[in-house]
């Protein structure tokens, strides 16, 4: 499109929609005013310890695994009535596993413990683990928020869960998701809606929203998430924790419902979510396994002063995406100033092609036409199909068991891809050019700072009016770049701030090093 015409359309669209969105914000404020609540402050030292340090204390017999598990279970029971993040639990079995581990460790000499349960073999010895409900976990529910799958239980563990178990972790809770894992609010008719621990009137993101929430409350220290359009990073941002979308193919995606089709598989990444940056690399090593993780350079020391840092403040004006909140602009500028003081080469750039982020992601997804339609997935059966037009009519009389975002996506997915093929092909061609430009710009020693989302954690249901704001994360799924989501403290009204740290494929170690550095300077996760 002619740039002058696009600019004119942008301002016309802004003038038309600004009063509407201002009215929407005002209405949501009136609905939720006066009812702000948050979870209690985390006080127990066990809950305030990184996963790798918990494992070390259990290994050295400073702490008993049973006491650790009990502390996390007590906290989960305390906070869940307020946040509704835990949707499945195995407290008794997890406690029994912890007790058995204690008996085994106590029967050994220190030399025997260090040999059989070393940090190298069992880096997460006895650490409680939370798991996104969409992942297979033998004997546990695997509904992905679909009422049609209420009866479904997994018959095996997902490969990533097997790896974490083998590393000593003890899974003890399942966490809530969005319906069919394709929306950025974790709400469904199986488990209900998850509330933000910093302000229960607000959302936790999706689809790994329950995971992000429960880790933020202190009821879990680390967990498993997956990301095809921002499903790790948005929940981590809204809940003030760390998350990493790895380079594609590094962590096995098998063992979750739904699963990306063959053509879309490089948009999906399974990755770690945690409260402390020091757990990111150990988690990634375990989740990936020794063969695949060898493709990364996770043990290479990164000198912050030698990094090239490119800060991109926004998407240069997409017609369909909100303007970035001022507090997010300000905190990203503070990150820039910090890197300058550290001696890094820092540049602020506006990349005009970023305004097409939505088109890039939808183009990639629409052209990945070798999998089932979304309406098929909504049925919960391989050969099923939900009539989303009928579901929309049923929604108006409160008879549908599907969320409005899922119904809308089912309707669009049935029609739009056939109508937008030419535009999708053009978008993907532009995306290829952008990818080459970014590879040249960032090289093997550069990171890119970019807002995690244009808005701080919104009120519940607000994304229905801003459905395309996920483009800030979806862009990097379309590009296939690894990204680390980093918390940066709280806003004036107590909502988490954060930034995405992006790097080029197989250079995950750069963004993970930046995460540890930012945690030290900005404080990382904020207690309540």
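Just so it is clear, glycine is given a Cβ too, placed from its N, Cα and C backbone atoms.
For reference, TrEMBL has these:
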ACT_SITE  132  active site, charge relay system
ACT_SITE  207  active site, charge relay system
ACT_SITE  231  active site, acyl-ester intermediate
DOMAIN    68-510  domain 'Amidase'
TRANSMEM  12-32  transmembrane segment
Euclidean distance between Cα atoms of residue 132 (active site, charge relay system) and residue 207 (active site, charge relay system), Å: 9
C-alpha spacing of the residue listed as 'active site, acyl-ester intermediate' relative to residue 132 (active site, charge relay system), in angstrom: 11
Cβ neighbour count within 10 Å of residue 207 (active site, charge relay system): 33
All-chain count of other Cβ atoms within 10 Å of residue 231 (active site, acyl-ester intermediate): 36
Averaged pLDDT, computed only over the residues in the domain 'Amidase' (68-510): 97
Cβ packing number for residue 132 (active site, charge relay system), 10 Å threshold: 31
